[in-house]
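Notes for the one structure printed next.
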């Protein structure tokens with residue numbers, strides 16, 4: 001079977017610091033990484049390939065030229081082929097426009113490679129925007145069923161079944177292939193590259209698709225194709241730290257806290 | 001665009017119970033600002049109780065889609081029903097709870113309707129003149145807030161955290177116009193099926209409803225130590241929560257996870273035990289009234305958001321705290 | 001200047017591994033005195049054991065700089081975790097690559113590259129460290145075999161090695177020119193390992209004596225020519241020095257990475273440690289010297305890759321990088337005050353780990369002898 005994994009390169013949010021005086025995020029020196037949930041999606045695809053070597057795993061990303069690093073990273077951990085979709089007309093696309101582009105890219109890659117994708121995997125959300133929109137919206141554009149936030153999937157007999165959390169607990173849902181599944185954290189960790197696969201990825205050819213290659217309707221991409229507009233962004237106020245207690249023993253600290261809470265009417 | 005009127009709120013139904021009623025409080029604010037109706041949309045099978053709850057919680061009008069096709073949530077079934085409703089009634093906006101199913105449904109529906117969508121909103125404002133909503137939502141793991149608008153498309157869509165609003169006192173004497181819509185799904189609409197349901201309902205009080213949450217992180221160290229948290233939570237009539245690190249370590253179920261990728265809680269008292277205070281966790285509990293942090297590391301960021309902090313080992317502090325509160329209560 | 005894109009990517013891979021896998025357990029490795037097997041399995045899968053081993057023997061055939069990149073990143077978090085991979089790329093395989101027959105190379109090296117087997121290096125004796133000519137282990141010809149007797153000490157990995165390269169005197173009267181190297185199967189009758197040394201630092205990799213009592217070693221296990229073992233040993237140690245120098249710059253950078261953020265947080269007398277000019281200057285000095293040490297290591301590696309004679313460069317790198325590294329770790333520990341002296345912070349372990357670097361694989365004094373020899377003639 002053929003699997004397409006959609007990848008987003010994001011800043012490593014764990015490394016973002018906030019300048020609380022200037023109220024801005026400090027993005028200098030924050031490295032770009034493959035979105036964590038996307039790495040689970042890719043690992044899941046590669047595990048399907050491990051079990052069935054006839055499987056081919058493709059990855060695609062929409063983004064600027066530096067997303068090549070993300071593609072190399074994916075190739076080094078088991079993707080067979082990587083495609084970049086890079087074109088300035090796509091700048092400032094919202095999730096709807098992004099999904100439109102990715103749906104067209106999926107079709108274009110299928111045509112170029114002479115394959116059809118049975119399964120499209122995405123991360124359940126990207127660490128920068130945190131929306132979780134692109135998977136379902138891509139499914140809508142392709143008219144495929146969707147399963148979101150899966151932590152475990154199995155593919156069998158033309159269906160994919162996935163365990164996903166619900167507001168009550170969890171459920172196992174099956175979808176008819178082809179389908180879009182967005183992946184949450186899995187029980188397994190993404191594998192490491194090896195020195196060998198890393199060097200091979202450095203030498204791999206990574207085709208770049210432009211808007212023209214995808215025969216896109218210009219009205220559907222970039223700012224023009226994005227109904228959602230970001231009006232402003234700001235760093236939220238944080239409350240200042242309160243009283244810190246550090247007595248000789250844990251017991252004394254606990255007693256002091258209890259007295260304070262009682263006085264303040266908290267308990 | 002001026003054909004689009006009224007603020008809609010989708011009422012989640014879980015096990016026959018109406019959820020996300022808090023959104024009616026947010027919807028009421030918007031509807032009043034533009035002098036339009038607040039409409040609750042109830043989709044399900046056996047919706048009478050939910051409809052009643054929606055009326056009591058402030059909806060002016062209820063749109064009900066009741067049928068066997070809707071007994072279980074399905075992305076495609078619910079998207080279809082909402083697409084039909086939106087086509088017929090042209091709402092100005094639709095608020096959907098930022099629950100697991102809400103965040104599954106909303107993007108699919110937005111793409112179907114070719115409209116904008118704001119995810120996981122924590123605050124809403126509306127421009128009374130244009131009727132355009134300003135959706136405030138966190139990004140970059142809560143490091144930043146963004147204000148989103150959909151000025152050129154209708155309906156405006158957003159998923160909204162239930163904890164962003166407090167539920168008002170229900171008024172059972174209220175009445176509202178109830179409109180039933182029969183929407184039959186064309187054959188083959190739903191291409192997914194539920195194979196198995198796994199109940200992982202946490203014991204006792206639900207995390208989201210608890211007035212006291214005792215949460216544990218990496219510093220708790222083991223499943224056994226979570227019992228110390230449970231003891232304190234039980235004493236205070238609260239629930240046990242956890243950071244992602246503790247869930248990842250397998251010490252507690254994901255149902256207990258508080259934070260960006262877990263639940264959002266806003267209890268009166270939040271006790272963070274052995275939680276360093278990563279921004280992703282803070283995103284899920286920053287609405288708490290009073291925060292207590294217990295951590296060995298005096299420099300842990302959690303202390304910056306805590307009203308009271310104890311520097312110490314939770315294995316020493318927690319039993320002592322439980323004991324001290326027990327005495328106080330006695 | 002010294003590195004290309006491949007080097008940088010290999011370094012990034014090693015850094016990711018070290019930060020995710022080693023940093024969280026580095027103190028645990030020290031306390032339990034054991035590197036978990038899964039760490040070795042991962043390192044083997046990632047190709048770290050065979051970086052410099054030629055491709056025909058199951059390695060990657062990469063250059064010394066690739067090895068330096070990986071070693072440096074791993075040692076920032078845990079020198080103990082670098083010992084086995086370092087050995088696989090030098091002490092374990094260099095003797096065979098230098099002097100072994102094709103058959104021996106095929107038999108032993110691929111299993112070392114894949115992490116299936118470990119080969120220890122048995123040169124040092126209780127009475128003969130760098131002074132190899134004083135060694136007393138004997139090998140006496142007996143038919144189709146040699147009979148070995150003696151004791152080797154401080155042998156890294158001996159308790160878990162399948163084989164050890166043992167250096168023994170075949171012609172005692174010829175001193176250093178009478179030494180032969182043998183590949184000794186550790187399961188042979190008469191081979192035993194002594195007690196696991198209770199070391200100050202670098203805990204996690206067992207080090208012990210290897211005791212040889214009438215061990216009958218077949219002649220096809222002779223490594224190289226009879227009486228030519230000393231040259232093999234010396235050449236092997238030359239390649240080993242670069243690894244230890246990486247440990248020096250790695251641990252020093254690791255210590256700086258701990259101290260600098262701490263100094264930005266810790267307040268005394270109303271200001272951050274990072275605001276005291278005296279401490280700022282001290283750390284600036286550390287940074288400058290670490291940079292010089294790093295360049296001396298990179299320079300030696302580059303010379304090796306250019307096939308130039310790097311004997312002196314490697315000795316200078318080992319000498320300077322380990323002495324400087326140890327001093328920087330000590331200065332960084334000082335920044336932590338009393339906290340630097342307790343096991344809760346990694347700096348305490350780093351200091352103990354770093355202490356051996358000026359001692360093993362040729363003490364600083366031996367390096368000075370080599371450097372002086374190049375200056376004045378021997």
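Keep in mind that glycine also has a Cβ here, set from the backbone N, Cα and C atoms.
Features of the protein shown, as given by TrEMBL:
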DOMAIN    B:7-194  domain 'Electron transfer flavoprotein alpha/beta-subunit N-terminal'
BINDING   B:218, B:243-244, B:257-261, B:274-281, B:295  FAD binding site
> So of B:218, B:281, which of the binding-site residues has the fewest other Cβ atoms within 10 Å around its own Cβ?
Replying inline: B:218
>> Can you filter B:218, B:257, B:260, B:275, B:281 (the binding-site residues) down to those whose Cβ is less than 8 Å from some Cβ in chain A?
In response: B:260
> In the structure shown, which of the binding-site residues B:275, B:278 has the fewest other Cβ atoms within 10 Å?
Replying inline: B:278
> Around residue B:260 (FAD binding site), how many other CB atoms lie within 10 A of its CB?
Replying inline: 23
> Which of the three DSSP states, helix, strand or coil, fits residue B:260 (FAD binding site)?
Replying inline: coil
